[in-house]
Amino acid sequence: MRIFSTFVFHRRQQIFNLRQFQTTTILRNPISIAPIQIPMDATEQSLRQSLSEKSSSVEAQGNAVRALKASRAAKPEIDAAIEQLNKLKLEKSTVEKELQSIISSSGNGSLNREAFRKAVVNTLERRLFYIPSFKIYSGVAGLFDYGPPGCAIKSNVLSFWRQHFILEENMLEVDCPCVTPEVVLKASGHVDKFTDLMVKDEKTGTCYRADHLLKDYCTEKLEKDLTISAEKAAELKDVLAVMEDFSPEQLGAKIREYGITAPDTKNPLSDPYPFNLMFQTSIGPSGLIPGYMRPETAQGIFVNFKDLYYYNGKKLPFAAAQIGQAFRNEISPRQGLLRVREFTLAEIEHFVDPENKSHPKFSDVAKLEFLMFPREEQMSGQSAKKLCLGEAVAKGTVNNETLGYFIGRVYLFLTRLGIDKERLRFRQHLANEMAHYAADCWDAEIESSYGWIECVGIADRSAYDLRAHSDKSGTPLVAEEKFAEPKEVEKLVITPVKKELGLAFKGNQKNVVESLEAMNEEEAMEMKATLESKGEVEFYVCTLKKSVNIKKNMVSISKEKKKEHQRVFTPSVIEPSFGIGRIIYCLYEHCFSTRPSKAGDEQLNLFRFPPLVAPIKCTVFPLVQNQQFEEVAKVISKELASVGISHKIDITGTSIGKRYARTDELGVPFAITVDSDTSVTIRERDSKDQVRVTLKEAASVVSSVSEGKMTWQDVWATFPHHSSAAADE
């Protein structure tokens, strides 16, 4: 996706923003970064201004008190001055508290978030949801192992993803190798542009990601330094908004301006320079075939387009999907499961006619309302707001129906998993974030203790990827539309005069020729008009990263009329890309909760996972250690297994209340307690309510609720209630 990358994988859009330098554009200047003015909250701005004034007043009054004491002024005069100083200090303290409250409530405060995150992570590691890889050898940053409950949740998430997308939409699933030849990633742009900017400690050589150091500095200043002026705070927020687009020179200038040093040693830092994030390898024993561990799964789908198109009966639209591992050699991994060096992606490439991006099932999602964050709201400093998806498409906020359809389907997928819909938003990419070939891009962002985390990218990438691989491989990756009757069409013909271009540009001739031939019709006709009126034109060649002067004798541009029996075109691609690890971590945070024990002397942790994704659907507890009850538990276990319900029997002598608490902490939604040889109770985790059912009914009831055929409310209304006040004690 571009995604991602902030988490495990860097935002793919950022990758492809860089990719745009390889493609041509006409009569455009090289990309320049205009500051995006993000208006500061009016209350925060007012409080910062007030605090600055109060600080000045306190300082001035303090000087006045010292001057009175130095001049041996009368005691009443000194006392009055001290009283005024104390009054000013109290006013300053009040403003500081108000400002700190505003910062915390706006999501910038870190103390509560850090405490919550620590509680979640401690529970996850203690219950073996995940653990650092190779822990007995001190581990390696950015590598984690999923333990038994973590594996179960991941399996359930991917199973539902297949059902929700691949089966529902009749997608074609593929499984491509992780090891990818260099030529493939050269064509896609990854070899040249899949980079982050890195700095080194000039004395120890320790590496850091440059933008992270700048982000940490700005964030800490905004959160903890209440003395900075409103103007300085606005400047820092502007830097946070645009720093992903900083060039190495701009980023280095900011690091020097703010005096940022190595976090561990306070040593000076080197200038930022690009570091390619792919793991390089060689294929075969000769070492002559260079390759990389794939940074995304999408390229495997693109290079197989021709075969998939034929497999689908040469019909559009169709979608191909892939679930698999991807790799990113992070400079300084942090944020736990959110930024790792190996991760699971689930990606969809939906191929569609660029002249018809309607979707037959759009009406199924058109009435959905959820938080959306269009670029206009971002630019004006507003917040995300609830919009009707159908209206957003109709007004052009979302570019087309197919893109809108997948946004709606992603929303349904995430909320069914257990993501809180009030902490889920769809943010549209700003103009400076998008590659020039992209029609529209949205990210599904989930709020966590780390802030808003990009977990799914949904992008209309036009025809860029298929064209790039067509050009590099020489294999046309195109689709056809046959006409019932021949049509007379006008075709754009661009003919570079290679002799003249060779004389003018010598070794750069090939770059200029490719750029001229890659122009779209609008760009070509604009060039033609300028050449006819002025005889020359400035033409920006992305692969050279500079403009060149094109004269009238260097290129011929015309339109010819032809009769055609079919239309051959390169399909556009709508691409939803899912960072599975990020989604799962955000799910952990959204489902984590605490509640007091019966005695009220401690807080008990629990995960409120929906049955759909819970690692274990049900536990079976004999109420007491009793051979008869244990035999009944084994019978129920067999019945649960026969209907495909994951479960666990606990026949330890521990009290039933402690066993409930233990499984609540794993997020198990249901517990069957055996206290008879004819009937049992079923306990629901969140409410702690219990019903009594017969032995024969137990497995079918748990199965029906786990699979969504019934709700717990249905069960509660159907079966006798059971009360056991002591059970949870």
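Backbone N, Cα and C atoms are what each Cβ position is placed from, and that goes for glycine too.
From the candidate list Arg209, Arg582, Arg595, Arg608, the residue Swiss-Prot records in the ATP site shared with Arg328, Asn329, Glu330, Arg339, Val340, Glu454, Cys455 is Arg582. Annotated glycine binding in Swiss-Prot involves Glu347, Glu575, Pro576, Ser577 plus, out of the candidates Glu296, Glu523, Glu526, the residue Glu296. Taking the Cα atom of each, Arg582 (ATP binding site) and Pro576 (glycine binding site) are about 15 angstrom apart. When Cα-Cα distances from Glu330 (ATP binding site) are compared across the binding-site residues Glu296, Glu575, Ser577, the shortest belongs to Glu296. Annotation: Ser577 are the binding-site residues among Glu296, Glu347, Glu575, Ser577 whose CA atoms are within 10 angstroms of the CA of Cys455 (ATP binding site). Each residue contributes its Cα atom, and for Glu575 (glycine binding site) and Arg328 (ATP binding site) those atoms are 20 Å apart. A straight line from the CA of Glu296 (glycine binding site) to the CA of Glu454 (ATP binding site) spans 16 Å. When the C-alpha distances from Ser577 (glycine binding site) to the binding-site residues Asn329, Arg339, Glu454 are tabulated, the minimum falls on Glu454. For the binding-site residues Asn329, Ser577, the largest tally of other C-beta atoms within 10 A is found at Ser577.
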